[in-house]
């Protein structure tokens, strides 16, 4: 608002109504130029500080995010405001109402060549620095936000995510930075001359067969080179990337394996059991599919037929054997039911289902 009321209104009076109040009053002259220089540097400084704050709050580092605070923001704004007030104070000394002719007065700098060069070079360097800083800060902030978007949903509770309000402020700041980069740092006069200047080309047609054939031949060669060689032969419009992936399978349950003399400790068994401790997580393989297994031997256990543990709650009686279905896995997944109902080894008054597996069962008190 200060910039609009001080500088823009002055330009409206000058260009719109040919009113040059600052040319007739030394105080207005100094105030006009000083406010123009001050707010011309202070406004982008505030945008840069806001961009730095958004960069800090979007960081994945906890210690870095702690710097995004109101206290630091107020301190930075105050410090930069004081710096620009002092830096631009030369305007109050060197700018005044100058007499360039016996009847004409103008509000301008001191006619010293050194001072005019100082103002020109310092303003150019400052605005180039603003331009580069805003681009760098926007790119770094966008990189942080893009990293948040690519984090898998299952890991987002480990990483601090921005709130909707933070994202809204970040979008507004991006728009302001882009507008500043386009409309402030660029030379408005040069842009206006390019955009709002209409030009015509004078075309002269000369009937010359040889030149026309050479011209059309060059056009044909360029067309064949781009379409035939680059697009079709080299497939320049395509992008290739070799996919990489892995598959992990989690094996559950138990298995009954048939065979003789497979392992030295099962040479006498025609059927033996693999339960859940004997499966391993498959390792990562390149261009292969591999499931690793192992056999675990628990001391004081043998592969045989025995009663299930009471903890399995596989109770039965001679009339009801619904839980003892033949070849069905036990609830503890330590073996398979044989279909028989036998007294428990822990309490012979209670009948339980009989199993074929590692006996006695690990859940049993008789272990």
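Positions of Cβ are set from backbone N, Cα and C atoms, glycine also.
Lifted from TrEMBL, the feature list:
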- 32-52: transmembrane segment (TRANSMEM)
- 72-93: transmembrane segment (TRANSMEM)
- 118-142: transmembrane segment (TRANSMEM)
- 169-191: transmembrane segment (TRANSMEM)
- 211-232: transmembrane segment (TRANSMEM)
Long-range neighbours of the transmembrane segment (72-93), counting only residues six or more past its ends (CB under 8 A): 30, 33-34, 37-38, 41-42, 45-46, 49, 52-53
Remote residues contacting the transmembrane segment (32-52) - C-beta distance under 8 A, at least 6 residues beyond either end: 2-3, 6-7, 10, 22, 73, 76-77, 80-81, 84-85, 87-88, 91-92, 95, 107, 126-127, 130, 133-134, 137-138, 141, 173, 176-177, 180, 184
